[in-house]
Amino acid sequence: MTLTTSPYDDDHLHEECAIYGIFGTSDAAAHTALGLHALQHRGQEAAGIVATDGTTFNVHRGLGHVGENFGEDNQEVMDQLVGHSAIGHTRYSTTGETALRNVQPLFADLEFGGFALCHNGNLTNALQVREGLVRQGSIFQSTMDTEVIIHLIARSRRASVVDRLVEAMNQVEGGYSLICMSKDTLIGLRDPFGVRPLVLGKIGDAYILCSETCGLDIIGADFVRDINPGELVVIDAKGVRSFFPFRPRPSRFCIFEYIYFARPDSMVEGHSVYAARKGIGAELANESGVDADVVVPVPDSGVPAAIGYAEASGLPFELGIIRNHYVGRTFIQPTDKVRHLGVKLKHNANRGQLEGKRVILVDDSIVRGTTSTKIVEMVRQAGATEVHMRIASPPTTHSCFYGVDTPERSKLLAAQMSVEEMAEKIGVDSLAFISIDGLYRAMGEAARNNDVPQFCDACFTGDYPISLTDYTGGRTRQLSLLAEAS
Ligand code: AMP
């Protein structure tokens with residue numbers, strides 16, 4: 001078995017994830033399990049929790065949903081995860097196989113004691129750093145970018161855990177939020193551009209760090225504030241301390257969190273995700289209204305935008321497509337074949353609302369175009385006389401290297417075709433995307449500031465705020481589990 005460093009098809013690695021951490025309660029792992037359950041939408045392939053009572057660290061990681069690993073049937077597991085502090089993670093990756101050794105949180109016994117770490121995002125120079133470390137004798141256990149952080153911390157000669165972490169993070173680049181745990185400390189950190197979210201909450205005397213506020217709501221915790229870009233917070237018996245150890249950079253929060261990724265009932269970076277999506281739908285209606293009888297969302301991701309569209313256009317909103325909730329998100333299916341199948345498994349036309357009608361279909365995004373093509377066919381088969389597709393994001397023309405799973409550019413429909421060509425391929429009477437300035441208007445900005453954009457919108461503009469050291473010539477040099485399997 002070779003631990004490979006060979007290049008491979010970029011369709012297969014990026015991870016999106018949820019992270020969670022709590023300090024200062026006797027049933028830290030149970031809180032974490034609930035928090036991860038609320039954040040399940042951010043990753044459905046695997047879940048893990050590490051808890052500590054200040055002496056020992058207990059770890060459980062498994063493939064599948066949070067409930068399959070930390071639910072009712074796993075009382076034994078939960079009983080072992082004792083401690084006042086815990087961190088947890090749900091993993092999402094389109095990797096062809098999911099190996100348990102790549103499931104987070106990562107844990108290592110370091111010079112100063114046990115250390116656990118979980119990560120949402122993507123380090124863009126992880127391979128380069130890793131190659132250097134391997135040359136110096138480091139032995140890696142996983143193919144995750146996150147593991148380089150553990151190695152860098154292990155090698156640091158600095159005295160405190162926080163100083164070691166800062167030294168490590170000064171050597172990596174990327175869009176990330178991190179939660180780390182030592183025996184007596186919980187640490188949260190966002191990259192200097194603040195690409196990925198991280199919020200602080202409180203319940204009783206315990207503090208929580210997690211990806212989105214819905215992870216606080218589930219246990220009745222209060223939202224305290226967002227962790228700021230480039231901020232490192234240390235939570236211990238003394239309370240919460242905040243540091244800004246990195247060179248300040250302009251904030252570039254991921255705009256796709258609002259469009260698709262975050263849960264609509266979450267507040268991230270001061271915006272309600274639901275309100276943002278409705279606003280995008282309204283702006284879309286203003287920009288590209290069309291005569292029609294009914295506005296129909298592609299559920300669930302298109303629902304808030306379709307409500308906004310319907311309100312702004314004065315057209316009725318109907319659930320013309322019904323989603324079966326017992327099938328995972330189509331995008332997650334590892335092979336193209338299953339992905340096609342997934343769309344049929346997931347959606348069904350509600351004929352009574354479509355037959356004889358001119359339909360405006362609203363979805364949040366077109367990536368490969370698989371979903372739209374199938375849905376449009378389904379809506380036509382149900383008797384719609386016209387189908388107009390409206391997309392609540394600009395065309396996705398570029399891959400994300402900061403932690404949102406998008407395929408390589410060659411598989412992005414909008415990178416290959418004009419809007420007219422896409423309309424023909426998808427089989428609609430008309431197709432329109434919100435403009436980039438329309439998107440910014442919906443987020444409360446006058447327009448995109450082209451000099452210093454207010455968000456990271458690289459997937460729509462190709463304007464990547466953080467260098468892409470490991471990604472050269474359209475192919476990634478990230479590590480491949482698939483190559484290892486073959
Ligand atoms: P596609 O069929 O490839 O065009 O995928 C588009 C659908 O996938 C849309 O309905 C989105 O809701 C959803 N989607 C977009 N981006 C992602 C993502 N990064 N991960 C999972 N699903 C996504």
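Glycine is no exception: its Cβ is also placed from the backbone N, Cα and C atoms.
Please treat TrEMBL annotations as automatic predictions, because they have not gone through curation.
When Ser301, Ser418, Ser430 are compared with the Mg(2+) site residues Asp363, Asp364 in TrEMBL, the one appearing in that site is Ser301. Cβ-based neighbour count (10 Å, all protein chains) for Asp363 (Mg(2+) binding site) stands at 24.
Here the C-alpha separation of Cys456 ([4Fe-4S] cluster binding site) and Asp364 (Mg(2+) binding site) works out to 17 Å. Within 8 Å of the centroid defined by the CB atoms of Ser301, Asp363, Asp364, the record's Mg(2+) site, lie the Cβ atoms of Ile259, Tyr260, Pro297, Val298, Gly302, Ala305, Val362, Ser365, Ile391, Ala392, excluding the listed residues themselves. Among the recorded positions Cys17, Cys254, Asp364, Cys400, Cys456, Cys459, the residues whose Cβ lies under 6 Å from any atom of ligand 1 are, in sequence order, Asp364. Considering other CB atoms within 10 Å as the measure, the emptiest surroundings among the recorded positions Cys17, Cys254, Cys400, Cys456, Cys459 are those of Cys400.
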